[in-house]
Amino acid sequence: MTNEAYDNTTTLDPRIAQRLKHDDKGLVAAVIQQFDTKEVLMVGYMNDEAIRRTLTTGRVTFWSRSRQEYWRKGDTSGHAQYVKSFALDCDGDAILVEVDQVGAACHTGKRSCFEEGGQLPVVVGHRTKEQEGQR
């Protein structure tokens, strides 16, 4: 869908809203991914209004759970996220937003919020011989 479908709206399109499965605070998790490299940059939360703003402005808006307010990524840091695509998962309880990220995505100054936390020890799984070649 293009932005023209949402111009001059003050509420989220009901056709989109009905597909969402919100948590008990009215939020949906949003995975933010760099559009060209597919690097996962961060996870934020959106309510219907943050989703509407994101769909209509071309910039990512989140709902801050700690500050209880809307924040548009990059307004204070300059590290803006320009929307390239917006998709719901099959259950409607998660969003994937592909963006063109300017600078760091993480509040720590790192490109990705997953750099700071680091890798955890994990047993690496392997496909069986029968599964090789399957997607």
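Glycine residues also receive a Cβ, built from the backbone N, Cα and C atoms like all the rest.
Source: prediction; values computed, not measured.
Copied over from Swiss-Prot:
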- D89, D91, D93: Mg(2+) binding site (BINDING)
- C90, C106, C113: Zn(2+) binding site (BINDING)
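Annotated features, which come from Swiss-Prot, shown on the structure.
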{"residue": "D89", "record": "Mg(2+) binding site", "Cβ within 10 Å": "13"}
{"residue": "C90", "record": "Zn(2+) binding site", "Cβ within 10 Å": "6"}
{"residue": "D91", "record": "Mg(2+) binding site", "Cβ within 10 Å": "9"}
{"residue": "D93", "record": "Mg(2+) binding site", "Cβ within 10 Å": "13"}
{"residue": "C106", "record": "Zn(2+) binding site", "Cβ within 10 Å": "16"}
{"residue": "C113", "record": "Zn(2+) binding site", "Cβ within 10 Å": "18"}
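Those residues of the chain, other than D89, D91, D93, with a C-beta within 8 angstroms of the mean position of the Mg(2+) site C-beta atoms are K21, L88, C90, G92, A94.
On the backbone, the CA of C106 (Zn(2+) binding site) and the CA of D89 (Mg(2+) binding site) stand 24 Å apart.
The two recorded residues, D91 (Mg(2+) binding site) and C113 (Zn(2+) binding site), have Cα atoms 25 Å apart.
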